[in-house]
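What Swiss-Prot records for T34, G35, S36, T37, D87, G88, A89, D90, K100, G101, G102, G103, K127 is substrate binding site, and it gives sequence analysis as the kind of evidence. Feature annotation from Swiss-Prot assigns active site, proton acceptor to E109.
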Amino acid sequence: MFFNKKNNQDELKKLAATEAAKSITTEITLGVGTGSTVGFLIEELVNYRDKIKTVVSSSEDSTRKLKALGFDVVDLNYAGEIDLYIDGADECNNHKELIKGGGAALTREKICVAAAKKFICIIDESKKVNTLGNFPLPIEVIPMARSYVARQIVKLGGQPVYREQTITDNGNVILDVYNLKIDNPLKLETELNQITGVVTNGIFALKPADTVIMATKDSNIVVL
């Protein structure tokens, strides 16, 4: 019997997403994130359609998927405050601080987190780490500032790599930063955001997850 790692990971992502959906309450304004784990959440939302008053999406990709299932997606400017925002992460530490942005939607995701009363992060066990930084840190950058920002990141000890053929939903570019050991996520998030030309970076420490729902390799759910 062959062990298919991808299929098993997909099952865990679906397990975490299904568990998170149980937090959906009646007349809720729901924020929906971006990425492969959220893809399973979107599929699960059809079972909660009667409870959802309004849906806000963090990316054009998620908006397309939601509309394909018959959901009306509302701009955050009209929705106001989000009751619950559910999203995945590329890494999560013991303090529920995250690295996000592998799908290049980090700025809109960070806006949704800021506007949400509660943020639930859904992950499989492979995303849990002691120290953030193994996954390259995405930074959204104004295009004309790309080289300047890259030079400033080098001064901080990082190795920036331009993510080619990627334009964010906001019309910007992504630098993925390698070789950063992020011992103080809060400090680095603030420091990077102060570089002129940076829109935002993928550290979520100023507003970490309120709750993390993690599916373990033995198909159990752990709530952090």
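Even glycines carry a Cβ here, placed using N, Cα and C.
Feature annotations (Swiss-Prot) mapped to structure.
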residue	record	contacts (Cβ under 8 Å, 6+ apart)
T34	substrate binding site	S58, S59, D61, S62, D87, G88, G103, A105, R108, E109
S36	substrate binding site	D10, K13, G88
A89	substrate binding site	L98, I99, K100, C121, I123, K127, F204, A209
G102	substrate binding site	G35, D90, F135, P138
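When secondary structure is read from DSSP and collapsed to three states, D87 (substrate binding site) falls in the strand class. Taking the mean position of the Cβ atoms of T34, G35, S36, T37, D87, G88, A89, D90, K100, G101, G102, G103, K127 as the substrate site, the remaining residues of that chain whose Cβ falls within 8 Å of it are G33, V38.
Between the listed binding-site residues, namely K100, K127, the fewest other CB atoms within 10 angstroms of a CB are found at K127. The maximum pairwise C-alpha distance among T34, G35, S36, T37, D87, G88, A89, D90, K100, G101, G102, G103, K127, the residues recorded as binding substrate, is 16 Å. Cβ neighbour count for the residue listed as 'active site, proton acceptor': 29 (other Cβ atoms within 10 Å of its Cβ, all protein chains included). Other C-beta atoms found within 10 angstroms of the C-beta of D87 (substrate binding site) number 29, with every protein chain shown included.
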